[in-house]
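Visitor: Positions annotated as GTP binding site by Swiss-Prot: 11, 69, 138, 142, 143, 144, 204, 226. What Swiss-Prot lists as Mg(2+) binding site is 69, and the listing cites similarity to another entry. Sequence annotations record features per position, and here Swiss-Prot assigns region 'Disordered' to 426-450. According to Swiss-Prot, the feature compositional bias 'Acidic residues' maps to 429-444.
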């Protein structure tokens, strides 16, 4: 069995993580005390992907919870599933990172990191075949971004051949939490480009939009947003946890989605999204799921896939459905919208089918796309970063923790390179020569004629 070790860091990561465990517990029939109360052998068959069976038949999540202040941890402990986690796996400091990446990465976080790594090692040794790590964090704050990326790079050193999947909440364009978000996010992306294998890009604004527009919630709470994220997270790994006709795992996902190693930032979507009141009036069909899943409004990050092209994509369907129909629908999407897919990667959409639907639904699907339009997110953060960095605004908070301005410059140029790479492959065509110079030459001639 292939285990996944779940790590959540910072306030955002811990809140998303707590919601995620509620969803996974419900799917596997685990009650808040860790006892199995389900009704199907399938729930237990591969339960050890996310759970460790302790003495007395209790199931304990393979989760490591870290934060630099005790607040969020305390509320998880007193929450509905607080008693299910192993008490030693709560690792927290007292001081907080104060939304400062440098505190999370170099000073406060660095002091706590060894005790986190001890817990990670202990959990990893409990696995007979560790497939990889999934990390939940945000990039705008101090702990999730600074300490989260520190942990990712340390795990990278120690387990170089395991998959590293992150669910990263990017700062949103309109919903801003702190003024130094662009700094924290840019410094984090700099790390994620190098050390993560797969990054699922989420952002609050897109999630708010889904809540307003599709779920018809008048004032959505973070709980609602986290519920959306956790549905997607559970969808990404359902193939590992339940039998299916076409299975995939984290590594297969990476091989199918990443054409170039640096371009591993994915947009995710989930279907069916229906408002709470209208669920009983909807019938679900594969065409309907497919249509909603590919809908640009369904993406959980504020980048519009219609502004770019898909390099690759993967769809994970859950429920009893005909594989033939799934394949037909996916082909249908590609044929109708062929201009939104790069033509130099043939068959670039992969689908997997898992037989067990999420709790309370007949069928569902999770979408993961590697689209060049994700550069919109990076470009936006980069512009905000440059605006502040040019004036060296707020920089003393970071240099005071021992950081060098050089690091900022490096992170900035790395992010701009990433944007340029996405743009390059968006513009590339199948028939141009190796260096892609033809296009440019033709344009120049065109201009002279005028």
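These residue numbers are counts, starting from 1, taken along the chain as shown.
Glycine residues also receive a Cβ, built from the backbone N, Cα and C atoms like all the rest.
Are these features on the surface or tucked inside, and what touches them?
Guide: For the recorded site, residue 138 (GTP binding site), the DSSP three-state label reads strand.
The DSSP secondary structure for residue 69 (GTP binding site) is coil. Taking Cβ-Cβ distances under 8 Å and a sequence separation of 6 or more, the neighbours of residue 69 (GTP binding site) in its chain are 92, 93, 94, 95, 96, 97, 143.
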Visitor: Which of the three DSSP-derived classes (helix, strand, coil) applies to residue 144 (GTP binding site)?
Guide: helix
Visitor: Please give me the CB contact count at 10 A for residue 226 (GTP binding site), counting all chains in the structure.
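Guide: Result for residue 226 (GTP binding site): 24 neighbouring Cβ atoms inside 10 Å.
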Visitor: Using a 10 Å radius around each Cβ and all protein chains in view, which of these binding-site residues has the most neighbours: 11, 143, 204?
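Guide: Answer by Cβ density within 10 Å: 143.
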Visitor: What same-chain residues, at least 6 away in sequence, bring their CB to under 8 Å of the CB of residue 142 (GTP binding site)?
Guide: 10, 68, 96, 97, 98, 99, 100, 101, 103, 104, 184
